[in-house]
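Per TrEMBL, the features are as follows:
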- 1-11: compositional bias 'Basic and acidic residues' (COMPBIAS)
- 12-26: compositional bias 'Polar residues' (COMPBIAS)
- 1-47: region 'Disordered' (REGION)
- 651-676: region 'Disordered' (REGION)
- 93-117: transmembrane segment (TRANSMEM)
- 138-159: transmembrane segment (TRANSMEM)
- 179-200: transmembrane segment (TRANSMEM)
- 221-241: transmembrane segment (TRANSMEM)
- 361-386: transmembrane segment (TRANSMEM)
- 406-428: transmembrane segment (TRANSMEM)
- 434-451: transmembrane segment (TRANSMEM)
- 458-476: transmembrane segment (TRANSMEM)
- 482-504: transmembrane segment (TRANSMEM)
- 524-547: transmembrane segment (TRANSMEM)
- 553-574: transmembrane segment (TRANSMEM)
Amino acid sequence: MAPWPEVEKPETNNYIGDPSKQNQNMAGKEGENHKAGNVSSLGNKGEIQPAFSTIALIDEPRPEEEDPWALPELQDTGVKWSELDRKGKIIRVLYGIGKFIMLLGLLYMFVCSLDVLSSAFQLVGGKAAGDIFKDDSVLSNPVAGLVIGVLVTVMVQSSSTSSSIIVSMVSSTLLTVRAAIPIIMGANIGTSVTNTIVALMQAGDRNEFRRAFAAATIHDFFNWLAVFALLPIEVISGYLFHLTNVIVESFHLESGEDAPELLKVITDPFTKLIIELDKSVINAIATNDESAKNKSLVKVWCVTETNVTLQNVTVPLPENCTSADFCWTDGNMTWTLQNVTETDYISKCQHLFANSDLPDLAIGLILLALSLLVLCSCLIMIVKLLNSVLKGQVASVIKKTINTDFPFPFTWLAGYLAMLAGAGMTFIVQSSSVFTSAITPLVGIGVISIERSYPLTLGANIGTTTTAILAALASPGSTLKYSLQIALCHFFFNVSGIILFYPLPFTRLPIRMSKTLGNITSQYRWFAIFYLLVCFFLLPLFVFGLSLAGWPVLLGVCLPLLALFIAVVVINVMQKRRPHSLPEKLQNWDFLPVWMHSLEPWDNMLMASLAFCGKHCCGFCKCCKVNAEQEGAKDKQLKTTEVYENTMAMADEERGGRRAPAAASVDKTGTNNTAL
């Protein structure tokens, strides 16, 4: 035991007072501890007894808990620019230029892999998506139309493809515009699955994954909330249909030039070397063209020429002649003149699978695996490169530019400017999925805050609808009206959602919901995959299956489940804010089994099953053993170096109880110079 420190000028307010009083107090406390039976005798009578708690002797403020959502400081650990010589400065500039070129190359490959991923999904599920659209009796149900829009967009990984199918069906009178509106809402939800998949690639670091997954799912929550609020209003009043119909009817529209495809001009030369698809096959299947079922989605002939000639053809009966003037018989055969369309195949495509005999499913699975591999690799390297570039002064400038608000009277203006920036960038890249997938890793590494990513995402929703409007204006005359009305429905749906869930701070529910989900997934990372499967596959499939059984079954099952879900959400909110307003039993969920209100049992079960599987897998087992040995060695090292001067903490540890607070323990370095 080290001696007590000497105090040169003792005062009345010092921590160490009269030694006799101190000994008396300690003796009294020692007697109380003997009565309680907590600890044994601490020494002989003449010895100075140690303090039972250092809290009274150390007046230090407790360290505040770090906010997990605070943006991290990206420190520059390299040599300062002023300390470099001329050669070092030239090398650093060249390194910076090289990193910038590499970043552009990785972004290019990232966007191309997203394009190939969309093609792969269309090859795997495109024909199934067309078959889903065939059942017009189901599509007349708005709830079924909503989940069909989600499923089809997830299958083809493109809301523009879903929209083009819907336009084809509407123009061929297989579907009304009013019945198509819920499908457009579902397509708006399905397109947000891409950046949620991208966020999974940052699961290696808990804090990065928390921010990245929240940034990805903020898009999901906005779309789901907008649908829950606006779909009933649309079913009852039809406000989107009537508003867009007035706009379309008030203009005399003519078919225009093709819409600009700014990003496609850059990416198409590369992606067309990998795969080209004939998307008209999906449209033909959706419009009940039986001959399209046997066609392949893989485009083989890229240059064709169609000729229409008037030829003599045979018909079964004279009634089948095109005209009585052009109908004659020759023996037992009846002839007539008829326009015959012939297609001349001039040049084959140059992509990898132009001469392949593989079925569409096999090609789709190959491209799916390759595109996901390239996507993950590019994303990991982009994050590493951004971490190396965005340090020190550069990071602080970017953070201030993106995340800083305007002074007080105009604080609200920054969010709307971010919304305009998101819309403009989405218009340039021609895809909301590409833009939101690009900002997800930036939020993960801490360059953009969650609060700022929300208006950027809303702007991306607006930007993708303006692109659809321009594409609709370039449609042929037969589909111009319907395609423009559907694009306007998509635009006003997103605008209505923004009016509901952005202007007032307390209405920005997606931010709070995504942060809650981010906290959960950072602790239980497997929950991210569970969320992805449930929200984009299992739940839409479940509702679609019920809708096939009819309205009575759908309402009889979904209404009680929806009421239960709303009740649980309300009770959870009241438990946090006004628990005393609830009955005593409902103030917490402890009356339920643990597995019903905690993810801990599920996590334990999942980890146990993975550990069991790991024992039968050599590579995985070795990795687990190495990690377990490292963790065990760290724990042992910590335990051997911890020294306690607090006898209460020693007694608690002997009983297996809880360790004393950090403020009550001394510096855990193995040495101690004073009693403090």
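Glycine is no exception: its Cβ is also placed from the backbone N, Cα and C atoms.
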Under an 8 Å Cβ to Cβ limit, what residues of the same chain, 6 or more beyond the ends of the transmembrane segment (221-241), are close to it?
142, 146, 177-178, 181-182, 185-186, 188-189, 192, 454, 457-458, 461, 489, 492-494, 496-497, 500-501, 509-510, 513-514, 535
Hey, which of 179-200, 361-386, 406-428, 524-547 has the most Cβ-Cβ pairs under 8 Å against the transmembrane segment (553-574)?
524-547
In the same chain, who gets a Cβ under 8 Å from the transmembrane segment (524-547) while lying at least 6 residues past its ends?
138, 141, 143-144, 147-148, 150-151, 154, 186, 190, 193, 196-197, 199-200, 203, 206, 209, 213, 217, 220, 224, 517, 553-554, 557-558, 599, 602-603, 606
Are there residues at least six beyond either end of the transmembrane segment (406-428) with Cβ under 8 Å to its Cβ atoms? List them, or say none.
262-263, 435, 452, 454-460, 462-464, 466-467, 498, 502
Which residues of the chain, 6 or more past the ends of the transmembrane segment (93-117), have a CB below 8 A from one of its CBs?
157, 194, 263, 266-267, 270-271, 274-275, 367-368, 370-372, 374-375, 378-379, 381-382, 385-386, 388-389, 429, 431, 433-434, 437-438
